[in-house]
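Participant: According to Swiss-Prot, the protein carries these features:
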BINDING   GLN10, CYS11, GLY12, THR13, LYS14, GLY103, THR104, GLY105, GLU136, ASN163, ASN181  GTP binding site
Amino acid sequence: MRAIIIGIGQCGTKIADIFSLVDFEALAINTSKSDLEYLKHIPPERRILVGESIVGGKGVNANPLLGREAMKRDLPMVMKKISSLVGYEDVDIFFLTFGFGGGTGAGGTPVLAEALKEEYPDSLVVAIGALPLKEEGIRPTINAAITIDKLSRIVDSIIAIDNNKLKESDEDISQAYEKINYAIVERIASLLALIDVPGEQTLDASDLKFVLRAMGSFATVGYAKADATKIKSLSRLIIRSFENEGLYLDVNLESALYGLVAIHGPPEVLKAKEIFDALSELSQRIRGKQIFRGFYPDPREREVEVVTLLSGIYESKSIENIVITAKRYAREFMKAKEEGEMKKRELLKGLPDFEDIYPGEVDEG
């Protein structure tokens with residue numbers, strides 16, 4: 001299976017850079033020249049500066065209108081770079097990594113996603129976006145809600161990561177984001193690494209594409225890992241991967257249409273009964289009842305790793321909170337703006353024009 005990672009904006013390019021570290025094909029697109037130069041693993045020829053004619057390589061200051069315009073203006077250059085990377089080999093999935101709350105990512109990702117859908121109709125386009133932390137305030141929240149709306153009409157699935165679930169209470173934002181970025185890559189990379197790999201029961205690219213072809217609905221990746229010698233119940237470990245503690249998005253599990261579970265570990269631990277008991281519970285709990293599964297016994301492994309992908313999700317508390325909060329902020333802002341305009345008009349009402357005060361002072365002939 002072939003996947004290409006395209007990072008957009010500061011958050012997205014940092015995530016793509018980590019994917020590049022673990023040998024994925026990756027591109028970085030940003031409006032900030034310094035942010036592109038900061039990357040460590042994506043080769044310079046795969047770093048694309050957009051919007052230089054608008055912001056001079058200095059970023060868009062979390063303004064998605066500028067981010068959108070930057071991507072639109074330089075879209076031919078971007079698509080040419082992508083075409084060069086794609087070459088003559090088919091791409092199964094384009095993963096677009098970005099931050100929902102930023103400017104370049106929130107504004108530019110829908111533009112690029114639409115172009116990719118048109119140029120590569122046989123490839124899936126999947127958005128992987130990090131939701132803003134509560135501490136980040138109003139603007140990122142509004143950016144996120146609007147971007148969710150736009151992307152849901154374009155991409156095949158939106159894998160949303162709720163940063164608020166991952167941030168520890170004593171961490172500052174920069175520490176939290178670094179940990180979150182690595183965690184995102186760990187989960188996605190662990191899943192993709194098992195696609196088309198021989199196993200007791202194998203997941204192939206068509207299985208993954210079926211699960212992610214979900215009409216712009218939400219998806220989430222669950223994860224659980226443990227030392228094989230310390231596992232008392234394999235079923236419990238698998239179940240943990242698709243319960244709230246294992247998921248990076250607060251979702252109503254019962255609303256999911258599809259599930260995909262990959263289990264990797266030493267063969268003596270991968271007991272069939274425990275695996276099927278856990279998968280039976282998952283199939284009973286999700287609405288669609290369709291579970292794809294892969295089992296990968298490996299005598300070299302000392303840990304058991306479980307990756308779960310749930311898609312076709314339309315009910316998520318994390319998403320609802322973002323959208324409801326954004327609507328409230330927007331209403332309050334529009335009300336304050338209207339009240340300010342009214343007060344200004346009331347204050348200035350009745351003032352004369354210059355001609356009323358200085359009649360005949362200027363010879364108009």
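Think of each number as a place in line: the chain as shown, counted from 1.
Cβ coordinates come from backbone N, Cα and C, glycine included.
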Participant: Show which residues of the chain containing GLN10 (GTP binding site), separated from it by at least 6 in sequence, have their CB under 8 Å from its CB.
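Facilitator: Result: ASN30, SER32, ASP35, GLY59, GLY99, GLY102, THR104, GLY105.
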Participant: Which one, from the binding-site residues THR104, ASN181, has the smallest tally of other C-beta atoms lying within 10 Å of its C-beta?
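Facilitator: Relative to the other binding-site residues in THR104, ASN181, ASN181 has the fewest Cβ atoms within 10 Å.
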Participant: Per residue, counting other C-beta atoms within 10 angstroms of the C-beta, which of the binding-site residues LYS14, GLU136 reaches the highest number?
Facilitator: LYS14
Participant: Within 10 Å of the Cβ of GLY12 (GTP binding site), how many other Cβ atoms can you find? Include all protein chains, please.
Facilitator: 29
Participant: Using only the Cα atoms of GLN10, CYS11, GLY12, THR13, LYS14, GLY103, THR104, GLY105, GLU136, ASN163, ASN181, which the record gives as binding GTP, return the largest interatomic distance in Å, rounded to a whole number.
Facilitator: 19
